[in-house]
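Q: Here it is: the structure, laid out below.
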Amino acid sequence: MAAAAAQGGRSGGIGGCIGAGGASNCGTGSGRSGLLDKWKIDDKPVKIDKWDGSAVKNSLDDSAKKVLLEKYKYVENFGLIDGRLTICTISCFFAIVALIWDYMHPFPESKPVLALCVISYFVMMGILTIYTSYKEKSIFLVAHRKDPTGMDPDDIWQLSSSLKRFDDKYTLKLTFISGRTKQQREAEFTKSIAKFFDHSGTLVMDAYEPEISRLHDSLAIERKIK
């Protein structure tokens, strides 16, 4: 009898998932599943401390980055980051050489090499400061759009942002550089971060993604017209 009851329960469960004409009506949340398939970021909602400015900016930056890479299928270029890492690596090399040389040739014999390494290290730090200030600026993403025909160079899309300390105004700038003409165009918005986060500090992509898409589409339309 227990087996029959179990079988009946299973049959009832299956029957509850089948509607008229044998169509499946299981409540699997198909609408939400479709949304999750489209936006991977929604698999793990971004939740931060709303009073932590760095966390707020980083979460908005990362989410904007995901929109360009996942929705528009652009390919990230790591050239800017590689440049910074190269400078840092060279700086660390001078520091390591100074450490090893001083171990092998105790001071004051190591004095000339130590002086050279120290000077070189600070020169590289100066170069790094110039690089981050004038080359990287506030850019956190460089992405390439491949030409479908393979005839023209890649179009370049750049994302940069700013959020001043103790300010709730977040600015996101999207820059488009034509691979064919090298012309550059920009679009940006400045919004209160309260528009994009709920009371618990969770990023609301339904409010944030359309703003990014509007920026992108405004530049994409200009590109097609020209």
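Quick reminder: no glycine exception, Cβ is built from N, Cα and C everywhere.
Swiss-Prot lists Ala2 with the feature N-acetylalanine, giving similarity to another entry as the kind of evidence. Swiss-Prot lists Lys169, Lys191 with the feature N6-acetyllysine. The topological domain 'Cytoplasmic' annotation in Swiss-Prot covers 2-86, 133-226 and is backed by similarity to another entry. Feature annotation from Swiss-Prot assigns topological domain 'Lumenal' to 108-111; the stated evidence is similarity to another entry. For 87-107, 112-132, the entry in Swiss-Prot reads transmembrane segment.
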Q: Which residue, out of the modified residues Lys169, Lys191, shows the minimum number of other Cβ atoms inside 10 Å of its Cβ in this structure?
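A: Fewest other Cβ atoms within 10 Å, among the modified residues Lys169, Lys191, is found for Lys169.
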Q: Going by DSSP assignments with H, G and I as helix and E and B as strand, what are the residue counts for the topological domain 'Lumenal' (108-111)?
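A: Helix/strand/coil tally for the topological domain 'Lumenal' (108-111): 1 helix, 0 strand, 3 coil.
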Q: Take the C-alpha atoms of Lys169 (N6-acetyllysine) and Lys191 (N6-acetyllysine) and report the distance between them in angstrom, rounded.
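A: It is 5 Å, counting Cα to Cα.
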Q: For the topological domain 'Cytoplasmic' (133-226), what are the DSSP-based totals of helix, strand and coil residues?
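A: Result for the topological domain 'Cytoplasmic' (133-226), in helix, strand, coil order: 28 helix, 37 strand, 29 coil.
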Q: For the topological domain 'Lumenal' (108-111), give me same-chain residues lying six or more residues beyond its boundaries with a C-beta closer than 8 angstroms to one of its C-beta atoms, as numbers and ranges.
A: 98, 101-102
Q: Give the nonlocal contacts of the transmembrane segment (87-107) in its own chain as ranges (CB under 8 Å, at least six residues past its ends).
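A: For the transmembrane segment (87-107), the nonlocal Cβ contacts are 113-114, 117-118, 120-121, 124-125, 127-128, 131.
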